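Quick look at what TrEMBL lists:
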type     : residues  : note
DOMAIN   : B:65-264  : domain 'ABC transmembrane type-1'
DOMAIN   : B:376-562 : domain 'ABC transmembrane type-1'
TRANSMEM : B:20-40   : transmembrane segment
TRANSMEM : B:69-91   : transmembrane segment
TRANSMEM : B:103-125 : transmembrane segment
TRANSMEM : B:185-206 : transmembrane segment
TRANSMEM : B:212-231 : transmembrane segment
TRANSMEM : B:238-255 : transmembrane segment
TRANSMEM : B:335-356 : transmembrane segment
TRANSMEM : B:376-399 : transmembrane segment
TRANSMEM : B:411-433 : transmembrane segment
TRANSMEM : B:486-509 : transmembrane segment
TRANSMEM : B:544-563 : transmembrane segment
Amino acid sequence: MSQTTPLLLLEGVRKTFRTPDRRERTVLEGVDFRLEEGEIVALQGKSGSGKSTLLRVMAGLVRSNGGKALYRGQPIAGPVQGISMVFQSFALFPWLTVQQNVELGLEALGVRPAEREDRAAAAIDMIGLGGFEGAYPKELSGGMRQRVGFARALVMNPDILLMDEAFSGLDVLTAENLRDDLLELWRERKIPTKGMLMVSHNIEEAVYMADRVLIFASDPGRVKGEIKVGLEHPRDPDSPAFRQIVDEVYGLMTATTRTLGGAPAEPIHIGYRLPDATPNRMAELLETIAEPPFEGRADVPALAEFTELPDDSLFHLFEGLRVLGLARLAVGDIFLTPAGRAFVEAEPPERKRMFGEHLLHAIPLAARIRRVLDERRDHRAPEERFLQELQDYLSADEAERVLETVITWGRYAEIFDYDYNAGVLMLPEDDDEEPAPPAADQTQ
Amino acid sequence: MRPFLPPTIAVSQDLRPNLWDAALLPIVFGILALMAWGALQMDAPYDVGTPLPLSLDPANLPYYLLRSALRMLAALGLSLGFTLVYALLAAKVPALERVLIPLLDILQSIPILGFLSITVAGFIALFPGNLLGVECAAIFAIFTSQAWNMTTSLYQSLRTVPTDLIEASAMFHLSPWRRFWRLELPFAVPGLVWNMMMSVSGGWFFVVASEAITVSGQTIMLPGVGSYIALAIQERDLAAIGYAILAVLAAILAYDQLFFRPLVAWAEKFKFEQNAGEEAPESWLLTLMQRARFFRAAARLPEGMWRGVLNAMPRRPQRLRASASEWLLPRWLDAVWNGVLVAMLLGAVGWVSIFVHSALGWAEIFDVLWRGAVTATRIVVLIALASLVWVPVGVWIGLRPRMAGRLQAVAQFLAAFPTNLVFPVVVMLIVHFQLNVEVWTSPLMVLGTQWYILFNVISGASSLPSDLRDAAGNLGLKGWLRWKRFILPGIFPAYLTGAITASCGSWNASIVAELVTWGDTRLEATGLGSYIAAATSDGDFPRIALGIAVMCVYVMSFNHFVWRRLFNLAAERLRIG
């Protein structure tokens, strides 16, 4: 094998799924990727952008519809022996002990009992779980469970370790510990692993661990940009150089396609993936941006620190504000638009009216729902009608989530209402009535 | 009992027996010896027509009991084998799933007692001149009362294995064979064990009902408790009935303590929960076995077998399939298969309607439909009455945790009791007080099944979250408002489970409840149950077939139009947490 063959090579990978009515939905489009020996690469992007699907293509769990996926120059046609994976949910077998969980992969490969026992014991010791070999996963804390997940992956002596949000199910301190332990094993070459790829939602985590951070765009998923992290391990998250890179990643994450100089941002269509953001939280965030210390324009990393929101929920709120035209993002900054400022200055009932206007204007799905309800004599329509339409663009689960979101937004704005028991959308009871007090975006 | 013990633990001194062994060995070997001896008795020469010697002497009861218990065990084993094959095929081969799952739905609603009369002739022909044929027919009847819900449970478990675990097993190169034994089956164990328990609980009723079989006008009585009771009824021997009741109670208790408790306690480790649960079920027998040296050592045998099973299939490199866990047919073959299915369906419908129509005529069909409506009315009314009684009682008990644990076991126990044992008493009462047969035989239908409502309500009420209870108290909810807003919605899913089980059981029970006898006294109420019962004792096949088909249609429409809808409603809107 020549020196130049990368560990993993993806070229023009494309993945489509079939919707129930036999239409194609593209999840990945033209993805190029390469993982070299000695590299840690992080993959960043909004949830639902196809990162996890991409990871599964590399793992050999999902077959791509087009393009090439090569492991050491060989096409990936199924789970490969040199690639191991650590899961967000740990994916431990609850009826197997720690030892048995770790041995499982070796057992499946037909490794002899004595040997796999030794190897598993060594892996368990290495990851710091010595003494817990006989415990069942349910007896362990979350951090210890994920350590089992790592031991199970590392005992296979993988060339490549894939991590699917491996740290996001853990509390901050535990995640930090585990990351440091893993990095130590990696730097001191205690594990034969040659390359690591992590999907992450946490920008700081990505910059802390990775040599390169790739930014992923959604619908369809593709690589939008890349940032190199040229810092020595161990890295100091408080150093100016580190903050600088974090800023860059935030900047790239918040940049719309247009500001990158590529094709103009695609117009929002009916199947647009509404972000997971509630109107109340968006309003709160707007107020935070309007007030000191930000005074209408906030540096994104600073805002993230100030609000203590996790990166992915913050980006969902940004996206919501952006599509509604209440705020705008420019490299690394978010600032209020005139509409956003007017919104902050208005009283709650007036805010609802404004929100409704922006909603009907900017979100085609909301406009469609309102029009259908207006046209129908009884002003009611079953949710399935809209769900079906959404499923042309989104998976069934996503379609449901998006409809739920637009219902929450519509209820807040009082432009339509929803009967949970009947699963029916309808116009609000009485349009002329005085709007309800602000907490109206909750069910009862 | 612990097949996953790492092999290092077994050291030679482990083989020395300890005190626990002393306690356990006699029990286990005693059971094994009894079972072997009882099984040998099944294979006996027999010609149709010769009456089998049977006596009401209570000294014979233990022997009869053993025979009945063995039949139950054989049927359970059969059900388990059937379940594994059927559920696996349905879950893994979409082309078969299309047939197998609706078929299961139908099988589930066929009255079991109707099966017996149709199948017994075939089984006797299979073993000419031997009692084994009749024995098989009885076991088959019990099997049909046990298999379907176990199969449904396994199928549902197989379809709901968490994706991350499926992905993990692919990532770690588990072959489909190994994945089944390491992931899918363990995942299904708790549900399967619970359903086995429910099956056996319901099975006692059919053991009692299926031992006295009528073939071409002649009654064959297999040695067993059921036949003992049938004989006692013929001879109007009330004392014998009493003995039989005691004997069956003992058998249920033994099954529970020696078989299910250990099984449930063992299955606990397969529960798919990430946190150590509240109280794990315990079994003295399992604890004994886990502590006894001999059994720990003996466990190496099943453990070795288990490893043998795991390694039985050669390893092959995995390839990507459209779906990791299913075998799909090519499209054109799939289309052909659909065509075959539709053709078979049309053919069957045509053939059955011609057959029934030529043999019986429309008038009879409408009459049977009418009888079905009568039985349906009885069941609805009685389930409603039983609910009115048992929901308040169950809630009262369920909200008192200490009492709930014990009484729930009692209710479960009562549900297992074959109520056909007490029918004679009711007949005597009806005759003595000259009551209306149409009305007063009806309670027999829910006599055994009402307990399902009770113990489900108890379990529902006891699992109402305590913070909700505190909140309800804090808000001052009282009286009807407390029931309407808090208790009834809270227990509804559990109640529904109980009511569905009770209603299905009642349909089956109607066959023995609408036509009851005590010596020469014969009480018959109008209804579908009595129609099937009468046709069965006459050996009138077209009528049996019609009766069964109509009952099947009623049960399925009930399930589809009432229960399933309510169940979805409960699952979606009222699930707590």
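Using N, Cα and C of the backbone, Cβ positions are placed for all residues, glycine too.
A TrEMBL annotation is a machine prediction, not a hand-curated record.
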Legend entry - Cβ contacts under 8 Å made by the transmembrane segment (B:486-509) with residues that lie 6+ beyond its boundaries: 108-109, 111-113, 145, 198, 202, 205, 375, 379, 382-383, 386-387, 391, 394-395, 398, 419-420, 444-450, 452-457, 459-461, 463-464, 468-469, 472, 477, 529, 551, 554-555, 558-559, 563, 566-567, 570-571, 574-576
Inset, instruction - Grab the same-chain neighbours of the transmembrane segment (B:376-399) for me: Cβ-Cβ under 8 Å, and only residues 6 or more beyond its ends, written as numbers and ranges. - result: 407-408, 442-443, 445-446, 450, 453-462, 464, 469, 487, 491, 495, 499, 502-503, 506-507, 510, 527, 554, 558
Legend entry - Top Cβ-contact partner of the transmembrane segment (B:69-91) among B:103-125, B:185-206, B:238-255, B:544-563 (pairs under 8 Å): B:185-206
Inset, instruction - Using a Cβ-Cβ cut-off of under 8 Å, list the residues of the same chain that are 6+ residues beyond the ends of the transmembrane segment (B:103-125) and lie near it. - result: 48, 86, 90, 133-134, 136-138, 140-141, 144-145, 148-149, 151-152, 155, 206, 209-210, 213-216, 504, 507-508, 511-512, 532-533, 536, 539, 541, 544-545, 547-548, 551-552, 555-556, 559
